[in-house]
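K.L.:
The structure under discussion is supplied below as structure tokens; questions concerning it will follow.
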Amino acid sequence: MRWFMQLGEQWREVRRKQSRLSSAFYLFWLYFEVTLLNSGASEQFDHADQRLRLNYWFPHVNFQRPRWLDPIRVALQAVWLLLFKTQQERADGLSQRAAERTSILQRLNPWHHRKLASKPVKFATSGFERFFLALLGREWIPSQTLRILITVGAALLVALVISLPMDATDQGLMLLFFWALALWVRNLQGRIPMLLMVLLSVIVSTRYLFWRVTQTINWDVPFDAALGILLLVAESYAWLILVLGYIQTVWPLERRVAQLPADSSLWPSIDVYIPSYNEPLSVVRSTVVAATAMDWPKDRLNIYVLDDGKRPDFKAFCEEVGVGYIVRADNSHAKAGNLNHALKITSGDYITIFDCDHIPSRGFLQLTVGWFFQDPKLALVQTPHHFFSADPFERNLSVFRSRPNEGELFYGLIQDGNDMWNASFFCGSCAILKRGPLEEVGGIAVETVTEDAHTALKLHRLGYNSAYLNIPLAAGLATESLSAHIGQRIRWARGMAQIFRLDNPLRGKGLNWGQRICYANAMLYFLNGIPRTIFLLAPLAFLLLHSYIVFAPAVMIAMYAIPHLIHANLANSRAQGNYRHSFWAEMYETVLAWYILRPTTVALFAPKHGKFNVTAKGGTIEKDYFDLNISWPYLILIGLSFIGAGFGIYSLIYGPRDELVTVTLNLFWITYNLFILGGALAVAEEAKQIRASHRIRVDRPISIMTASEHSYAAELIDFASSGAGIRFYDELPLAPDDSIHVVMHHGTTRHGFPARVVSMRGLTIGVRFEFPDSAAERAFLRATFARADAWVGWRFNETKDQPLSSLREILGIGLRGYQNLAVRLAPPLAPVLGLINRGWGVIMSVLPQAPGTGEEDESLGV
């Protein structure tokens, strides 16, 4: 009855605003959704007005200005809405049936059988279920014996499924069942459905690999066998990384903040190290000033700038703001040597390290140090590396803050998964270490160029613990250009290969098996240069050389390979979708593959070679340009792929009829590779970036005080270390070069910061701050960059992963890369590629979209 009264009240309100016909249709639609579709009444009343509009259900259609292809869009969208449940609907809440399935899965979970034994089973939905739960609740066999029996039985069953020979029909039927099961549990909440998806993926992928090893190498033709073994090694590597990744991330710890003692006299002394080499003072300044603003007793907080550049202006700045300034006689061992030198001449109980561009929040220490009181064996607390500027992928592809960046998977999920196994490791910055254990391992490791991870490995070998707090408590600058980004990754890859060679986590004492897996996966991941290159070249073996590197009928290849790829994608989308969208990993790895191939290979055989390279930060890009120096490996691979595609098309038309399916599969493979390589070209098109200080977009109420001492309410829409953008609600008597005070609040404190108007556009102005002293600058940083909640919710603007939508996006990026290349190198081809890109946009525009998430692209005209 309550929902009926709400329905009537809602209709009366709509009736006052709309015509009689519209309100009647409105009432009918609400009744249809609430009663016939069994949707939640409360949700309908909250969103009814939005759902009534057709453009909610057909977001890519403008019914006021119809276009030629709109009938096709409407028809496809209508069919899709009838047949499929959208991601948006799933996010609104589980259906009643999904909730029942979740409840059943949780109740059948043997890990909870002890709890079930002590609870009444009257909540079961059927007599059979109550009987089954009663059996589960009884201690028929000792729990230890039962676990062993279940484990052995499950392992034997999985081994049977993996090795059972089948023809194409049986293989297809079995995998259809697996696929249906994965789709069924995909949207169930909780960890158990995730574990089931991972198990299905491991079974299907291992079955594929078993089939590849036992049935697909043509030993009668040595050349084919050699190429086939190369591909098999690459696939085995990918399978190993997949399985290790599942173990590493399937159950992240999600550690919470530990409270400090109420008596602040018990809090330890802390040394803050800010190492620098060649970064400009404009980059380092904000970090140092924000460090002085951290909430910690001042008599137990010592801040030091470790200047390997030995610059007089840095020394003068440190004296001005009242922090320590440390230099050394030489620059041996780069950053690690710089930190170790400071370690010898300071005496704090704990060491906090920030890269010189990582601005800490005021609550960094209060939120991290508490865990050291909880665990006496804790030697390290690491927090995420958060970036408030766009990396080259985000900037050049225009996806900043709309898609997860490259590092978000590591800091958002992998480190949290490592923490479950006590294997989260030091990342060089935004971390706090205990002095005693650090000195026990000889300080920061200097044997490799990734001194941070190696130091953590040494600490873990001695039995010390680490913790990862997945809260962004500091923020810095991402790499400015693709070349700088690749240079940084080359150092990481070389260093991880050096650790794998010199201090292999799979050998030696002190680590548990979970730590060995996490460290090994981190190091093996950077060896993906050779496997990724093999995957890019593999289809050419058949198309150009007519070599059967997978010696099996094309139908069997499809029956084994496609399910392996689908299940891996489904499981990873479920586990990683909030941190990395589907198919983006292929583009990231393709961009880096050639460049990390050589240094990692050299490091495995000659681990002492290689040197530390400093990542440039704080630079600008004066104009758009295509980085041809970085792109030449991609261009070579693209040229070879187009040649292979040409041969494939010729074979499709004039070749043997019995090879049509094989040729088609290889053409699909090489076409996908071409799209991924096109994405690498799109990233190499460097976008202009001329701001010396990056703006952070916000939406925060402030007030403005003019020279006449009149106060006006306003809205802060962005800020940087030197200026801000402000929007007013009404026109104000302001002009360029006027002096004003920008009044901000943080906590109970109110500060006014002097500024000068430098630009005006409608109700929006740009201002440049004019801080009179370092105290005013410190107060500004506390109110902006160093706020305790400055970076909380940063990912809320990112869209959720939808694998098919992500695939369409990657394909579109690939086309854009070829269009950019044509504009730069072959202008006559640019119009042709522009038409292809436009055609692709038209095709994408008619495909279904999730209700309420998209918008029509009227620029297409159709």
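In case you wondered, yes, glycine gets a Cβ from its N, Cα and C as well.
Nobody curates TrEMBL annotations by hand; they come from automatic prediction.
The transmembrane segment annotation in TrEMBL covers 146-166, 172-188, 195-213, 225-247, 534-562, 632-653, 665-684. TrEMBL lists 272-441 with the feature domain 'Glycosyltransferase 2-like'. Under the heading domain 'PilZ', TrEMBL lists 689-785.
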K.L.:
Using a Cβ cut-off under 8 Å, which residues of the same chain at least 6 positions beyond either end of the transmembrane segment (195-213) come close to it?
P.N.:
158, 161-163, 175, 178, 181-182, 185-186, 232, 235-236, 239, 242-243, 246, 250, 550, 560-561, 563-564, 567-568, 570-571, 574-575
K.L.:
Restricting to the same chain and to residues at least six past its boundaries, which positions have a Cβ under 8 Å from a Cβ of the transmembrane segment (632-653)?
P.N.:
536-537, 539-540, 543-544, 590-591, 594-595, 659-660, 663-664, 666-667, 670-671, 673-674, 677-678, 680-681, 684
K.L.:
Considering only the recorded stretches 146-166, 225-247, 534-562, state which has the highest number of Cβ pairs under 8 Å to the transmembrane segment (665-684).
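P.N.:
By Cβ pairs under 8 Å, 534-562 leads among 146-166, 225-247, 534-562.
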K.L.:
Counting each residue once, how many in the domain 'PilZ' (689-785) are helix, strand and coil under DSSP?
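P.N.:
Across the domain 'PilZ' (689-785), DSSP assigns the residues as follows: 10 helix, 54 strand, 33 coil.
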K.L.:
Against which stretches of its own chain does the transmembrane segment (225-247) lie, if we need a Cβ under 8 Å and a gap of at least six residues from its ends?
P.N.:
198, 201-202, 205-206, 209, 212-213, 216-219, 514, 517, 520-521, 524-525, 527-528, 530-531, 534-535, 538, 541, 545, 547-551, 568, 571-572, 575
K.L.:
Hey, which bits of the same chain come close to the transmembrane segment (534-562), Cβ under 8 Å, at least six residues off its ends?
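P.N.:
Residues packing against the transmembrane segment (534-562) from afar: 168, 171-172, 175, 207-208, 211-212, 215-218, 221, 223-224, 227-228, 230-231, 233-234, 590, 593, 637, 640-641, 643-645, 647-648, 651, 661-667, 669-670, 673, 676-677.
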